[in-house]
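So that you can see what the record holds, here are the features copied from Swiss-Prot:
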BINDING   Ser43, Pro44, Val45, Tyr46, Asp124, Gln140, Tyr176, Trp208, Asp255  riboflavin binding site
LIPID     Cys20  S-diacylglycerol cysteine
LIPID     Cys20  N-palmitoyl cysteine
SIGNAL    1-19  signal peptide
Amino acid sequence: MNGAVCVLSALIAVFTCFSCRPAVQDERAVRIAVFVPGFRHDSPVYAMLCDGVERAVTQERATGRSIGLDIIEAGPNQALWREKLAHLAAEQRYRLIVSSNPALPHVLEPILRQFPLQRFLVLDAYAPQEHSLITFRYNQWEQAYLAGHLSALVSASAMRFANADKKIGLIAGQSYPVMTQTIIPAFLAGARAVDPAFEVDVRVVGNWYDAAKSADLARILFHEGVDVMMPICGGANQGVLAAARELGFYVSWFDDNGYARAPGYVVGSSVMEQERLAYEQTLRCIRGELPSAGAWTLGVKDGYVRFIEEDPLYLQTVPEPIRVRQSALLRRIQSGELTLPVR
């Protein structure tokens, strides 16, 4: 860690004389960097981020615009993120650096001060006080509440793998504020809206890639009576899916459409429209319409948090009475009849 700090300090010293003036750019030429704090294909969130930015760039290139795009996969070692972001900012080549992770506003704090003219867009994060930083967060209380509600409906049903225990599970990659303060309590609240007796058993992998460990944790939960589990552990999600097929339990998927990942086992997909948001905000950047700073929260009523209920695999796997109750909850949130916390 001390080495990373020294490297960052050296970078800042070298580029101090350049940090207060913008890079020279052709008015029509745009260059964008996507900073992936992990690996693109290990995480639905990062895959959607890259897909959305690429779609916007491809669309605008078709009109004759000169647009450069660099996608940098930084890996899961958070200790290196600040150093790598400082390198990008110091290059003074990018109109916008785009990323996605709740921890990034904190990581960016010294870089924003040193390079105030470099604009950053971070999705799935919230930082209302920072200059030159634009953040959008999804209302993950709504997202996790929907997932918990569906999980409890399935657990309390007569479906093949359901049991009599009032217990559902969540396997997280790591423990972090959004997980402990929003996702877990909202997941539990959604379940208890079905039956106040429900409990949530939470296990933590310790990283975002160890599928063998997540599978072991899923086996432990299964043998303790958990019949529906929600994995939020990046590439390690695959271990939970493998255990579900091996043992016979259900999976509630988070972030993107997961029904096809394990047909017959994935019973719900509570998603955030990350690809759409990345596409829209990248277009705004290219067209010169993106503000210099700001923080926004988007939820069900905005159309950026959804529960996917039209997928044929959902219709085939989940009985109609459960689908009707889940749909009724979704409509109550959409209409404003049910107001959930904004977090």
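In case you wondered, yes, glycine gets a Cβ from its N, Cα and C as well.
Features per Swiss-Prot, on structure.
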residue: Ser43; record: riboflavin binding site; CB count, 10 Å: 25
residue: Val45; record: riboflavin binding site; CB count, 10 Å: 23
residue: Asp124; record: riboflavin binding site; CB count, 10 Å: 23
residue: Tyr176; record: riboflavin binding site; CB count, 10 Å: 13
residue: Asp255; record: riboflavin binding site; CB count, 10 Å: 22
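Secondary structure from DSSP puts Ser43 (riboflavin binding site) in coil. In the three-state DSSP classification, Asp124 (riboflavin binding site) falls within coil. Asp255 (riboflavin binding site) falls within a strand when secondary structure is assigned with DSSP. When the Cα positions of Ser43, Pro44, Val45, Tyr46, Asp124, Gln140, Tyr176, Trp208, Asp255 are compared pair by pair, the longest gap among these riboflavin-binding residues is 19 Å.
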